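According to Swiss-Prot, the protein carries these features:
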{"type": "DOMAIN", "residues": "3-183", "note": "domain 'KARI N-terminal Rossmann'"}
{"type": "BINDING", "residues": "26, 27, 28, 29, 49, 52, 54, 84, 85, 86, 87, 135", "note": "NADP(+) binding site"}
{"type": "ACT_SITE", "residues": "109", "note": "active site"}
{"type": "DOMAIN", "residues": "184-329", "note": "domain 'KARI C-terminal knotted'"}
{"type": "BINDING", "residues": "192, 228, 232", "note": "Mg(2+) 2 binding site"}
{"type": "BINDING", "residues": "192, 196", "note": "Mg(2+) 1 binding site"}
{"type": "BINDING", "residues": "253", "note": "substrate binding site"}
């Protein structure tokens, strides 16, 4: 089924220019949204807790900053870009008490709304504008007169203008220059979590560690194992990112291509796909989010223990040593003000 696409001519920038936008959070996406909204002629304020380390940066970049509660009280469009695990508390304590009929509540990711951790009042529009790229790229593309593709979704639309408002917001951050895809909170949330857990983060990490362990256990130097399964991964992913699987195989040697075709299905087989389906079901039925919330409420003990275990893996030890030799890595990303 083809998804509905929107571009510059489909969005009216004046809609969001006639609203007051409060951006809650100033991380990767928060800074990109706030600065680009401002540059598009939108009234914008940033909501951060007193004492937040990001406050001086916001002020240096010429934006107004106040507490989340005061920003929510001032705004009639509130974009929630705080971390997923902090959003429900911020909503309950700072945003919800200050929402007015006719306001709009926007999100950059649908998790909290889709799984019922945030339940907006019925007289407020609820929509999502989610750029498919990190904040520094969103901002850089905007400054260059281009844009990053976005997803938009409308979950609640009491006045019938939710989509037009979301598209206007997307235009203000450059999204309609590249293209905006209409989706749902359900589809965005579940596909995002599935991709992270089975491929992008969880699956890739475990594949890399397993390959490293097999080579080291077979007697090969850890340094060579690191180069072959982790360092060179970026080269392959960049090729896929630029032109798909065909571009990747076109660019590698015939030996690598032939070996990949033969051996890849032996590593990722029907059993792997079935376990991926199990993970998808756990996402869909809320089991994963239940575990996430329970860990947050328990002080993130499981997350901290898993982080500790990961940091102690031998691939991290040898990787640190090798990356110290590479002058082109581990440099901070430059933000475009």
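Every residue, even glycine, has its Cβ placed from backbone N, Cα and C.
Structure coloured by features recorded in Swiss-Prot.
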residue : record                : DSSP (3 states)
26      : NADP(+) binding site  : coil
49      : NADP(+) binding site  : coil
54      : NADP(+) binding site  : coil
87      : NADP(+) binding site  : helix
109     : active site           : coil
192     : Mg(2+) 2 binding site : helix
228     : Mg(2+) 2 binding site : helix
Of the recorded positions listed as 109, 192, 232, 253, the one whose CA lies nearest the CA of residue 28 (NADP(+) binding site): 109
Among the NADP(+)-binding set 26, 27, 28, 29, 49, 52, 54, 84, 85, 86, 87, 135, as the record gives it, the longest Cα-Cα distance in Å: 21
Cβ atoms near residue 192 (Mg(2+) 2 binding site) (within 10 Å, other residues, all chains): 18
All-chain count of other Cβ atoms within 10 Å of residue 49 (NADP(+) binding site): 14
Composition by DSSP (helix, strand, coil) of residues within the domain 'KARI C-terminal knotted' (184-329): 122 helix, 0 strand, 24 coil
Residues that sit under 8 angstroms from residue 109 (active site) by C-beta distance, when 6+ apart in the chain: 84, 128, 130, 188, 189, 192
Least surrounded among the binding-site residues, given as 28, 54, 87, 253, when other CB atoms within 10 Å are counted: 253
Residue 26 (NADP(+) binding site), number of other Cβ atoms within 10 Å: 27
Inter-residue C-alpha distance, residue 87 (NADP(+) binding site) and residue 196 (Mg(2+) 1 binding site) (nearest angstrom): 20
Candidate nearest residue 26 (NADP(+) binding site) in space, where candidates are the binding-site residues 196, 228, 232, 253 and distance is Cα-Cα: 196
Residue among binding-site residues 49, 54, 232 with Cα closest to the Cα of residue 253 (substrate binding site): 232
Rounded inter-Cα distance in Å - residue 85 (NADP(+) binding site), residue 232 (Mg(2+) 2 binding site): 33
